[in-house]
Amino acid sequence: MTELYCERKTLADLIAFASVEGLPVGEAAKRLCMSRQGAYKAVKALREAGYLSEGPVIKLTQKGRDALSIVLRNLLRYFDIASIKLVGRVVTGLGEGAFYMSLEGYRRAIERELGFTPYPGTLNIKLEPQSLAHRRYLDGLPGIHIPGFTNGMRTYGAVKAFRARLADVEGAVVMPERTHHPVDVIEFIAPVRVRDVLGLKDGDRVELEVYL
């Protein structure tokens, strides 16, 4: 019983400190309305458990992020939540989205599976740290399968997609099985050029609603 209580308290502390990631412990204590002594004690326990890394600021380890993803998955299942929100800022991509979305193999599959013809390009969004647990949660879901294909010269990998909405634009988040993007960058496709329709520029903060 004591072990179960300790585990629950550790997870509760992890959730709290994840919300102030990047801050020094003293500043985090103020934000969380905790005493400095209590905050340092909790951080010490989380570091010993492997959930936080050593250093001058609060920083989750991969183990800590994985634990949050499990908590999130269980909460979403319990509350029967049908969508999640991803928040980030518009960034310039690598230029690959236009090429891949113009390929007939992907275009036809997206028309078939998602019901729209994609604009030849993707909107790249660099996620805020608070959205990374949601992003990793998507990794564990099947999503909508966009099959890979070959054109006789090259093989193109499969893509996992989730229907999504950005402001008034309906589209999809796409997660290629092969990508050069870091985990904190997500790609959004739509039947229109989203930057033009919504008047977006690099650095603009956006919110994506992703349907599960």
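Cβ atoms here come from the backbone N, Cα and C positions, even for glycine.
The annotation CDP binding site is assigned in Swiss-Prot to Gly93, Leu94, Gly95, Glu96, Gly97, Ala98, Val192, Arg193, Val194, Arg195. Here Swiss-Prot flags Thr122, Asn124 as Mg(2+) binding site, drawing on similarity to another entry. According to Swiss-Prot, the FMN binding site annotation covers Thr179, Glu187. As annotated by Swiss-Prot, region 'Unknown' applies to 1-83. What Swiss-Prot lists as region 'Riboflavin kinase' is 84-212.
Shown on the structure are the features that Swiss-Prot records.
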residue	record	Cβ contacts under 8 Å, 6 or more apart
Gly93	CDP binding site	Thr122, Asn124, His181, Glu187
Gly95	CDP binding site	none
Gly97	CDP binding site	Pro120, Gly121, Thr122, Asn124, Glu187, Ile189
Thr179	FMN binding site	none
Val192	CDP binding site	Tyr119, Val169
Val194	CDP binding site	Tyr119, Leu123, Leu166, Val169, Gly171, Phe188, Leu200
| said: Validating a neighbour-count step here. Other CB atoms within 10 A of the CB of Thr122 (Mg(2+) binding site): how many? | reply: 25
| On the 0 to 100 scale, where does the mean pLDDT of the region 'Unknown' (1-83) fall? | 86
| said: Tell me the coarse DSSP state (helix, strand, coil) of Val194 (CDP binding site). | reply: helix
| Hey, what's the widest CA-to-CA gap across Gly93, Leu94, Gly95, Glu96, Gly97, Ala98, Val192, Arg193, Val194, Arg195, the CDP contacts in the record, in Å? | 19
| How would DSSP class Gly97 (CDP binding site) in three states? | helix
| message | Let me check the 10 A CB neighbour count of Glu187 (FMN binding site). How many other CB atoms are there? | response | 23
| said: Can you tell me whether DSSP puts Asn124 (Mg(2+) binding site) in helix, strand or coil? | reply: strand
| remark: DSSP assigns the residues of the region 'Riboflavin kinase' (84-212) as 33 helix, 48 strand, 48 coil
